[in-house]
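Taken from Swiss-Prot, the feature domain 'Obg' applies to 1-158. The region 'Disordered' annotation in Swiss-Prot covers 118-145. Per Swiss-Prot, domain 'OBG-type G' is recorded for 159-329. The feature GTP binding site is assigned by Swiss-Prot to 165-172, 190-194, 212-215, 282-285, 310-312, with sequence analysis given as support. The Mg(2+) binding site annotation in Swiss-Prot covers S172, T192 and is backed by sequence analysis. Taken from Swiss-Prot, the feature domain 'OCT' covers 352-430.
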Amino acid sequence: MFVDQVTISLKAGDGGNGITAYRREKYVPFGGPAGGDGGKGASVVFEVDEGLRTLLDFRYQRHFKAKKGENGQSSNMHGRGADDLVLKVPPGTIIKSVETDEVLADLVEDGQRAVVARGGRGGRGNSRFATPRNPAPDFSENGEPGEELDVTLELKLLADVGLVGFPSVGKSTLLSIVSKAKPKIGAYHFTTIKPNLGVVSTPDNRSFVMADLPGLIEGASDGVGLGHQFLRHVERTKVIVHMIDMSGSEGRDPFDDYQIINKELVNYKQRLEDRPQIVVANKMDMPDAQDNLTLFKEQVDDSVTIIPVSTITRDNIEQLLYAIADKLDEVKDIDFSVDNDEEIGVNRVLYKHTPSQDKFTITRDDDGAYVVSGNAIERMFKMTDFNSDPAVRRFARQMRSMGIDDALRERGCSNGDIVRILGGEFEFVE
């Protein structure tokens, strides 16, 4: 089964908690703090495996949770960091945030990695908070929560050659002839509903990967007939082989077919019209095909490469393979990265995924309570051990240093009012 798009949920591992401990050895009267730090939580990492061709593994498992770091121990022993959770994906996988639609990673080469969900850092033990004024702190820090997000995995096949054309023009038949691929072939439209890949070898020992793509129809660039899903796989092909039914057996004019498909390639706005193209005039064994080919050559530009073939009698197949291989030899490496002029926040590629540290916001609940939210304050809230009075006092100092107290006063918060952070309730005290 070919799966080329799936949405999954990721949860990176939380950092381990730091602990509060003291040296208690004999003959050490002023032992001091000895609480170790927690270990780092595991990150969720995607890695390219060139042996994979589909996202099938993600169809049945949609939720991935990385391991938590170990807690710190006494004697200043740090907890062990958790090993990263590595998820294998095929070459050509794009990872997008469901929330923002930003491209988080574009994985092309074998072994290429991308950290998509960062594991939380370990909480600090009490020995980290020792100061001359407080040489024996009696509080520690919880581990930082790991990042949690939903992402969409989108596969764009990395094939050298893409077969495009209307349904039932012979694309699957051609692939089955020139490679060992066994695509489904039938005498009806849209027999092929998922791309098929095949490795093609020429008699002079040149080889390339050919993709048989589902048939396109007018309006495909606007999504008609699942056009976006099909055209997506053309984006990363170096050469486009445009197959046309030159016999007109479906009642369509070959030149009209040629214009319609090329119009869809232009409208898709991924520079597909700039790719080298070879026109394959198929079904030359049928009546009227030769006359149609003569007229077709008069209608198209002289620079268009046209190879007449018959996938039934297998005429000129070898000549076609040589033409494709020669065209690939001429093509330079194509930069498949996202255009710089595309709208930021929609198709922007982020080469380094870092956590955002936005400012806090203050809102009011229906009962009049003040609600403080923001990445930084919520992170501190989760890392505070509220069972420890010194840790609670430290959290209050952090809120003051961030300016939250002053901001609450400006919003009208007074003595005794309720302040909420992530479901926790506090009483505002002047």
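Including glycine, each Cβ sits where the backbone N, Cα and C put it.
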Neighbourhood of S310 (GTP binding site) by C-beta distance under 8 A, where only residues 6 or more apart in the same chain count: N282, K283, M284, D285, N316
Candidate with sparsest Cβ neighbourhood (10 Å radius) among K171, K283, the listed binding-site residues: K283
Residues from the same chain, set at least six apart from the ends of the region 'Disordered' (118-145), whose C-beta lies under 8 A from its own: 12-22, 32-43, 66, 68-69, 71-72, 76, 78-79, 81-82, 84, 353-355, 379, 382-385, 388, 390-391, 394
Which of S168, S172, all binding-site residues, has a Cβ with the fewest other Cβ atoms inside 10 Å: S168
Overall pLDDT for the domain 'OCT' (352-430), taken as the rounded mean: 86
Rounded Cα-Cα span from P214 (GTP binding site) to S172 (Mg(2+) binding site), Å: 9
